[in-house]
Amino acid sequence: MFLSTSRTRKLHEPRNVWHSSWWSLKFIVFIVSMLVPFFFPPALIQLYGEVARVGAGIFLLLQLVSVIQFISWWNKYWMPDEKMKQICSLGLFTSTIFYIASFCGIGLMYFLYVPKLRCVLNIFFISWTLILLIVMMVVSLHSKVNRGLLSSGIMASYVVFLCWSAIRSEPATEKCSAQKQGSGNSDWITILSFLIAICAVVMATFSTGIDSQSFQFRKDEAKEEDDIPYKYGFFHIIFSLGAMYFAMLFISWNLNNSATKWSMDVGWTSTWVKIINEWLAASIYLWTLISPVVRQAKVRNHEEGVQEANGSAIP
């Protein structure tokens with residue numbers, strides 16, 4: 001789909017019809033694409049696995065950008081406004097709910113996943129998440145940033161969820177593993193995690209794929225009426241990266257892993273991928289808060305330097 005639609009520009013092109021219809025033919029191609037890999041040699045499957053690791057990592061990065069963009073949009077829409085006091089109150093209420101949920105999540109993880117003081121790694125994961133939560137809150141409330149609590153509250157909930165998901169991925173052989181503690185009742189949690197992952201893929205795919213200009217350094221010019229609404233090639237490549245991400249979930253990011261019942265996305269590799277994903281999410285969000293302040297400071301210093309130079313040049 002990427003190769004056949006990547007150069008589509010206008011709605012009247014045949015490739016637009018191929019992208020938007022021909023569902024019967026696409027269904028046949030879909031069935032064939034599921035059956036043919038069973039006849040591939042193991043070496044080719046192994047090669048795809050290595051490629052899928054990289055593609056899944058790229059997907060996670062794009063997903064982070066997509067989530068942060070959505071949070072920024074939400075915060076901008078519900079920011080305090082004299083003409084929209086009702087939305088301001090709703091935003092304050094929502095941010096309070098997110099922060100309460102985040103701190104309750106931290107406390108619950110301490111209670112459930114730190115049964116003894118020897119669980120040093122879990123204590124580190126949860127404590128560092130708490131530190132990131134507080135740092136994001138302090139930075140967003142700083143007078144030079146002044147972003148309010150809504151965006152940082154949403155981001156705090158997302159970071160806490162990533163930490164919880166990482167701890168849930170620890171192998172059941174570990175004494176502090178959540179898998180070992182809840183091995184008898186893990187079905188609903190696995191299904192819930194799977195559904196949340198699907199929602200994340202859908203959100204990242206559609207929001208990222210449709211809004212491809214967010215990932216361009218040079219923005220396109222104004223669109224004409226017969227232009228396609230979004231870049232089809234980019235849209236399909238995001239889908240393929242999402243498929244690679246799901247492949248990694250099923251094998252727990254380990255190409256030599258033998259999957260067992262209810263063990264999707266379980267293992268130390270999965271744990272560290274999610275933890276690094278959490279740290280990257282917090283870092284990217286903090287940079288989006290700080291970068292405008294740094295940019296303004298550079299512009300101001302440059303203007304002051306120009307004024308001083310002009311002043312010294314006048315006799």
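First residue shown is number 1, and so on along the chain.
Every residue gets a Cβ built from N, Cα and C, even glycine.
Note that TrEMBL annotation is computational and uncurated.
Features of the protein shown, as given by TrEMBL:
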type     : residues : note
TRANSMEM : 21-40    : transmembrane segment
TRANSMEM : 52-75    : transmembrane segment
TRANSMEM : 87-114   : transmembrane segment
TRANSMEM : 120-141  : transmembrane segment
TRANSMEM : 148-168  : transmembrane segment
TRANSMEM : 188-211  : transmembrane segment
TRANSMEM : 232-255  : transmembrane segment
TRANSMEM : 275-294  : transmembrane segment
Segment proximity, the transmembrane segment (232-255) to the transmembrane segment (87-114), 3 or more C-beta pairs under 8 Å: no
Touch test for the transmembrane segment (120-141) and the transmembrane segment (275-294), at least 3 Cβ pairs under 8 Å: yes
Range from 52-75, 148-168, 275-294 with most C-beta pairs under 8 A to the transmembrane segment (232-255): 52-75
